[in-house]
Structures are given as C-alpha cells and as structure tokens.
Amino acid sequence: MTTTRPPLPSSPPDLTGRQRTISFVALLLAVLLASMNQTIVSTAGPAIQKALGIENSLYSWITTAYLLASTTLVPIYGKLSDLVGRKAILLLGTVVFMAGSVVCGLSSGVGMLIAGRAVQGLGGAALIGLMYAVVADLFTIEQRSRYTALIGAVFSLSTVIGSILGGYVTDHFGWHNVFFISVPLGAFALLTMLFMPPLKQRRERAPLDLVGALLLIVFSVTLLLALSLGKTTVAPGESGFLWSSWQILSLLAAAVVALISFIAVELRAADPIINIRLFRNRTFMVANVVTFLVGVVFFAATVFLPLYMVNVIGLSATNAGLTTFPLTIGLVVSSIIAGQVFARIGKLRPIIFVGGLFMMLGFVLMGYTLRIDSTQAELTWKMIIVGMGLGPVLPMLTLAIQGNVSPADIGAATGTNNFLRSLGSTIGVAFLGTLFATTLKDEIQDKVNAAKTHLPPEMRAQFDLTSSSGGKTSSSNQNFDAAKIKRDATSKLDETRVRYIAALRDHDPVAVRALLTDPKTDAKLRDVLKKGGFEGAIEAAFAEQRDLLTRAILKRDPAAITKIVNDPKLPQELKDLARGGVKTQVEAGIAHQRDLLTRALLWNDPAAVRELLASPQTPAEFRSVLSSGGVEAQVKARFDQQRALLKRALLQDDQRAVRQIANDPRTSAQLKSVFRNGGVRARVKAEFDAQRQLFTAALLRDDRGAIEKILADPRLPADFKGLFQNGGLTRRVTAGFDAQRRLFTNALRDGDAAAVAKILANPELPVNLKGLFQNGGLEAKVDAGLARQRDVLTRALRDDDPAAVRALLAAPTTPDELKQALGSGGIRAAVKRGVDAQKAAIANAVNAGDLTPLVQNTRLPRALRDALAAIPRQALATPETRAAVLEKLTAQLDASEPAAEKAAVNVALQSATAKLDAARLGALKSARQAALAEVLAGLDEQERQTLAATPRRALDKILAELAVKERQTLASAPRQALDEILAGLDAQEPSVLASAPQQALRAAFVKLDAAERRALETAPRQALSKILAGLDEQERQTLATTPKESLDQIVQKLDEAKAKVVPVIDEIGLGIKHAFTDAVSLLYRVGLAVAALALVISMFLRETSPRAVSREQIAEDELRSVEA
C-alpha cells in the first residue's frame, strides 16, 4: 500500500476536542480494517489455494490484485479528498472495502476471488492513503508525531491479530469467514465515520491528473499481466503464454508505451502524480531505485512462506500465520533503533549498509539453509534477521530523500518514494509468483515422474498429478499427506480387489457397473466385463469361432478362410474343408449347363436345345424361349407389339394402350415420358401457354428473365425477338421522344436555327409548340415586357403615378431598395427627408459652436461642406451670429432642394433602366428555360402514355399469331411424335436383336450361379455340423477351468501393486516437499541478488544532516516501515 504525504497546513482547522477524538478513532479503525486484512489473507492463502484449486501461477494474484488497485489509486484518492473532504472519501473507501470482502467471502472460483481482492484494494487505497492527511487535518505539528506513533501501534497490533485470527478462523471456521471478519469491523468503522467533520481543504488545488493516473494503471496492469502469464513452456490446457508469444509481447509493448506516455504527461501536469523533475536530483533518483528494489524483494519474505509452512513443515494455518510475526518484530525494533542512531550520528549510509547486510544475511539463511525438516523455531530467528535488515533501510531511504529536496517538495518526494516502493512490491509479487509457480511445477513433475518409474505402466496414470488439469500444478499437489494417501491407496486397492472378485466371480451388477465407469479399468478387462465376465468372454470367443467357420465353409468368406488357414491351432482337415473340399463336383455340373446354354442361345445348336428342353433343371422361362423359336423371334414379336400400341395411343388417343406402355417394365423411360402429364397435345398447349406468359411478362411487366428466355429460344421467329432487341419497344419509343427533347433543347436553350426550322416543318407537332418560334419568338415577348416595365418606372419615379407605384410595389422583380423608397413616399420624399436631416445636423452644430464634424463628414455634399468650412469661428461666438449663420445655411439648403430632387429622380430612373437593360439577357434566358421545362414536361407525359399503350398493342398481335400457330401444331404434333418414336424403334431393333442372346445368356448364368451357391451350401453343412459339435465340447471344458485361473492372476497383480504403491507414495510426498523447499529457497536467492544490487546502488547516496528533517518525519518514516 502507498501513502502520500501531501504538503499540509501547519495548523489544523478549528475543531472541538470531541470531533478530533471521534475522527482519530475512526481513522484508527480504518487503518486496523485495511492492515489486518492483508495479514489475515496471507495466512489463509494455502487453504484458499487448496479449496479453489488455484494454480501456483495465479496464487500471487491474491496479493497482486490488492496491491495493484491500492497502489495506483492512492494519489487519486488523496487529490479527491482535497476536493470533497476526507470524510466522504473514507466513507467511500470503507463501503468499497466491505463490498470487496463480501465478494471474496462468497467466491466460488479464482476469478471471483481476484476480482474481490481488487475491489478490496480500491477501498483500502482510500483508508491507508489518507491517514497522514487526516492526522495533519486534526493536529498541530507538535502533536502529530505522538498520534503517528499510535497509528504505528495499531499497525503492529493488526499484524499480530491478523496472523493469529486469520489462522484460527481458517482452521476452525473455513477460509470464507476470513473475509467476513471485515464486515462487522467495517460497519463499526463506518458508523464512527458518520460523526466525523467533513475535513475539507480551504486552499486551491491543482486539477486532478486523471490522464497520468489512467496511464499509470495501464502500465501497471499490462506489465503485471505479462510477468504473471509469461512462461518458458505451456502445457496443453495450462493457463499462460510463452514469453515469445504475441500476447506477452503485446502486453510488454503496451506497458512500454504507457510508461513513456506517463512520463510525458507528468512532465506537463500542473500537479503530477509523480514529479519526474525530482529525478534530476541524484540522491532522489538513487534512493527511489533502491526503494523500488527493496519493494520487489519485500514480499518474497512473506507471501509464499505460508505455502512452505503448510505444505512442507505441516503447520496449521494459525501457526503458519505466526511465522511472519517475527519479521514484524525485527522490522519495528530495528527501524526505531535506526531512527535514534541517525539522530545521533547524522549519517545515513552506514545505517543503510548495516541494514542491507542484515537483509542479505537473512536472505542467505532463508535461501541456502531451508530444508524439508526445518522447524518453526528455526525460521523464527531467521525471519527476525530479515526484519532487522528491512527495518532500517526503508525509513533511512525516505530521510535521504527528504533531506536532499527543498521543503516545498518534501511531500511530493515522500509520496513518490512510497508509491515506487508499493509499485515494486506489486511487480515483485507478480514476478516472483510466476517464478515460484514455474519452478514448483517443473520440480514436482520431475519428482513425480522419477517416482512413477517404480510402478507398472498401467498404474502410472493414477499418480499423474497434472493429467487432470492439463499440466496445472494446482491444489492437486498441495497438502500432500503421504500417510493419508497411503491409507487411501491401500484401501482403494483392497476395494478394487473385492470389486473384481464380485464382478468376475459373482457377476454382481453393481460391481460390474463400477468397473465399467472407472476410467482406470484396463481396456481388455473392460471388454471382458462388457461381454458378461470371463464366462461371457469365453462364450463370445467360441461363438466367434463358430461364426468364422460358418462364413468360411458355407459362405466362402475369403477373410474367414484366410484366418482359418493361417490359424496354427486348427487341424489340417478343417483347413482343407475351408479351402474347397466338396465343391468340385458341384462346379463341374454347373459348368456343363453353362456350355449348353451358350450353344443354344448364341449358336442355335439343335442338340443343345433338345438337351436343355429334356433337362428338369432348366428353368421354365428358358424352356419357353427355346420352344418358341429362340431369342430373336421373341424380340421381333415384342417390337411389333410396341408399334401397334404406340399408333393406338398417339393417333387414336387410346388410354388402354397408354396404360400398357406406361406399365411395361421393358418400355424405356424416354418413351414413357411421351405419355406423362396428358401426352403430346397437353405438352403442346403447355408450351404455347408458357410462351404467352413469357410475352405477357416481357411486354407488360418488362421481366428481364422472360426477355432473356425469348431471345434464347431458337424456335421463335425473328420478328418476335426483334421486339426485345436493341432495347425493345421501350427503347424505340424513348429514343423518339429523346430526339424531340434534344430538338427543343437546342432550339430554346441554344437558339439553334436548324432545330427551329425542323420544329416548324414537323406536321405532327401541335400549334402551341410551334408558336414559341413564330412572330419573333420569345425575344419579342421579353422585349415587350421590358418596355412596359420602363414605362411603369418612368411614371412612378418621375410623375409619381400612384397606379405605377402600386404596380412596382406588387412586382416580385422590383429591387428591395426601390420598394423601400417608393413605400416611404417616393424619391422626392426621400430627398426632402435628407434635406431636413441636414438642416437638423447643421442646427445642432451651429448651436454647439463647432462645424468641424460636419466639414469632415464625407456623406454631405461637397458644396455644403465648402460653405460650412468658409464660415469663421467668430460667426458662431454669440447667439445672434449663430442664428444668422443658421438662417443663411437653411436658405441655401431650401434653394438647392428642387435641383436635388430632380437629380435624385434622374439617377434613380437611370439606375432602374440600366438594371432592366442588364436583366434582358437573364429574362430571356429564364423565359427560354421556363418554355423548355413546359415543353419537356409535356413530352414526358406524352411519352408515358405512349409507353403504356405500345406493349399492349404488340402483345395482342403476338397472341393472335400464337393462337394460329397452336392450332396448326396440335394437328400435326401426334403424327410427328409417332414418326420420331417409330424411327427410334426401327433404329433400336437391330442392336437389341444383336444383344438379346447375350443378355439372355447372362441372365441364365446369374440363375446358374444362384443354383451353384445353393448346391455348395448343402455339401459342406454336414462337415460343419461335426466341427461345431467338437467346439461345443471344448467350450464346456474351458468354462470349467479358465475363469478361476484368470481371476487368480488379477488378484495376484493387485497384491503385487499394493506392495509397490506405498514406497512410491512416500517418494512422491518427499519429492513435493523438496520441490516446495527449492521453489521458496529460489525466491529468497533472487531476493538476495536484488538486495545486493540495492545495497550497491545505495552507496551512491549523499549524506543527509539530521537537521534537514524533523522528528515528525522520522516518526512517520518509522511508521511506513511498520505499514509495509
């Protein structure tokens, strides 16, 4: 967790003693709630991992999720509290923390648990992050060190309580209740906070750096995900990705981009989360690097140690939780001693060096002396040494920073240091968690594989600790209790022994089902059980032999014959019987019959015919063929019969003949199709109906599919197809109207004389369209209109004609300024108003005694300005002289008014006339456009009418022609169909006559083959019956002895396996303990390396005078060590 120490006012706001007490008690409850939770969860970690089956690669996320959320949100909560008050943020943090605790307590899987821990971190960030700010809001500088010491006491107390309480609750009430402990405590804290004052800051704050906070969250999350999910190898079904995979590389790239963006944003932020410019101070940079490294290894000493204590030493959760308590003792004692020593000697580096040596000594002891038989007492003094090393380092690094920055930057520098320490802890947990999970998985698998070599191959799968989870090293290898597993294994083997006897000897259906559903049952034994035990398997084997002999001797199955011939257990006479035996005579008789049929059917041999007719074995259908003249005569009679039936069916429409043709199996499918669906006439009508529908769809609905079918039909005449070629009727009509549109466009828009001549010469065009181009055309009409407008303007402007004025005011083409002048009395009235305005302005200027503004007014006439300029200033000195000057100027204006009116009228008239002249071309263009639009609209309407009527006229003509053609086709189609069919029969008859004997011969051979098979079946049956009787006797003898012997062998193997399993279980248990010991030792060795690096870097720190920091800062820095 990160706590910030923002620059706070030296004196707190005006609060009563009761308000301070309630606020400080609420703060202590919040600190107790957040700090105790972490030690409680750490103690319950092994039990949670076992209960939820959490992978070791995800185990660290129980801590990482909390640290990540709290680390990144502490700066945001600090700034928000300045805006809305400490009380509101503390209430929010408590509610969120309680909600996260409930989610964790109700978790049924690792995903829900990690999410709940993240929610807890969101709330815990507010509780821990505001404690220094609240202390500063409540107490003066002189009082703060005393109250920060009380907070340190609460931290120490929560460490002890959390370890003991977490272990006890886990052991006696289950790990879920570990999280529910926070609910009543949080409710009490929440109730106390309700009585707190708001504690709002009264000074201005810089805007909240939300962009920086977001980039920091993105950087932290992506980096931690990459460190947690990255692996050197990934087994099938295992979570995570290879370090070289695109997923990990993408996360690392995103982290780098977010970090660079964060630095750029922080350099420009008004109130940055981390003041990047402070890193220009070498001491600040070195101290923060060392703090980050110490934060990385800090949790190596605590997070994973309970797993070792529970799984290797075998401690309960309660005792495992107490293992981390000595570290807290060493940390607190050494941090206090370090603060006192620094206050006396005034040097940091010796204290940090000694602390670093103690820290390295502790990591050496934990990393190289940890054994599977280590005791809790042995670990206690080693953890004290680790704590003694960590205690002095963290506060001295903070003091080094505070002593080397300006007083105004102490708050920001301290906050940055705490933030980097927490970030280092978060990254350290993620990285070390991945290292721990990978090392543990590989070593456990190696140990188990080595132990399984002492087992029979069929039993090794039962001791595969990873097969069920796809390579996961999860809770399947946690709490490996060798004694319990040995008891379970021997009990299971005894149970299996009893089950085998019950299933194989007693045929107990329950035992049989249990063995069949057990995936570890051997496949051969499973097959025996499916067949009904050894007896059923023996009976099935003899049944298979009977089937094999039956297929070989009676069915002549080549595969069965091969099996019998190659079976060394069968006697030679049985093999000879399977090879052939009695079939030679049967085959010779059938061969003679084949020879007779060939001579009789192909060569018409009379002797062969007589012999076949005399033989009782000749089938009746062959006897009929031979007695009626042979195959050729039979074929010719069938063709003559078909011709007669076809003539009756097609020419006379004889339905009986149609049915005979359709029902004759010898009639070809093509010939039968002639009489389907109503026959030839129905097809002709359907074809013409389809053509009518096509032309209707094509002409009336412009169906493109129908048009394509018409154009693709070679039977349709060219004049029909021509209606749809080159665009069809629509294109032709449209082309004609398009030509007319182009003609009128050229004539009206472009003034094309040739187009006008064509229009006037076209007798089909109406008179109104030709009138557009006669008697001068549109130009004459436009000129007449303009002349009328000039006359109206002259009468309105010069003569003040009321009718002309009304006409101009009503005309939409009259300019707005002219309308305005006419509406206000005309040009003369406007001139009059101007003269009056000039008189008023002159009167004001004369009375004011200053004519300079009027002389300089360029809007006045030049003559008037010259007259005004010629008046001397003395003439305006007295009222009498001013009156004389005003009278003279007024008379001068009155005299010039008629001329001004006349000039204004002439100017207005000339301007209006010029505009009319200038508008002639536009008016002429508009007239042409309007006429062209009217003409085109009329053509469009005429085109629509023509397009609507033309297809119907064309369709009526085509339908009439199709009706005539249909009547002609119905009269000739049956005869044409008959001629085509008869021609086909005539062409088919010679080939049928040539192939009929061969076909008849093949049919005869088929029947002979069937007869041969029947004959071959009877000959071997007697020999087979004798063999089967011998098999029956052998089966009875086997059933009497084999089941008991096989069961005895299985029971003997189980007894041998029982003797081998116990040592293997002991070896696996010992191997798992060694794997846990090696994995935890590796973490401490990594911590040793990082601690050594941190110690080397710390030697570059500058010394800080104890006078550069206050006692309050020393006390707070000691508190931060306790908090960590």
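Including glycine, each Cβ sits where the backbone N, Cα and C put it.
Since this is a predicted model, take the numbers as computed values, not measurements.
According to TrEMBL:
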- 21-38: transmembrane segment (TRANSMEM)
- 23-469: domain 'Major facilitator superfamily (MFS) profile' (DOMAIN)
- 58-77: transmembrane segment (TRANSMEM)
- 121-140: transmembrane segment (TRANSMEM)
- 147-169: transmembrane segment (TRANSMEM)
- 175-196: transmembrane segment (TRANSMEM)
- 208-229: transmembrane segment (TRANSMEM)
- 241-265: transmembrane segment (TRANSMEM)
- 286-308: transmembrane segment (TRANSMEM)
- 320-339: transmembrane segment (TRANSMEM)
- 351-369: transmembrane segment (TRANSMEM)
- 381-401: transmembrane segment (TRANSMEM)
- 422-440: transmembrane segment (TRANSMEM)
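Residues 19, 22-23, 25-26, 29-30, 32-33, 36-37, 40-41, 43-44, 47-48, 51, 86-87, 90-91, 94-95, 97-98, 101-102, 104-107, 116, 165-166, 169 of the same chain lie 6+ residues outside the transmembrane segment (175-196) yet bring a C-beta within less than 8 angstroms of a C-beta in it. Panel annotation: around the transmembrane segment (208-229), residues 57-58, 60-61, 64, 68, 71-73, 75-76, 79-80, 83, 239-241, 247-248, 251-252, 254-255, 258-259, 261-262, 265-266, 269-274, 423, 426-427, 430-431, 433-434 of the same chain, lying at least six beyond its termini, place a Cβ under 8 Å from a Cβ of the stretch. For the domain 'Major facilitator superfamily (MFS) profile' (23-469), the model gives a mean pLDDT of 79. When the stretches 21-38, 58-77, 381-401 are ranked by Cβ pairs under 8 Å to the transmembrane segment (286-308), first place goes to 381-401. Sequence-distant contacts of the transmembrane segment (381-401), counting only residues of its own chain at least 6 positions beyond either end whose CB sits under 8 Å from a CB of the stretch, comprise 283-284, 287-288, 290-291, 294, 298, 301, 305, 323-324, 326-339, 342, 348, 351-352, 354-363, 365-366, 369, 413-414, 417-418, 421, 1091, 1094, 1098, 1101-1102, 1104, 1109, 1113-1114, 1117-1118, 1120-1121, 1124.
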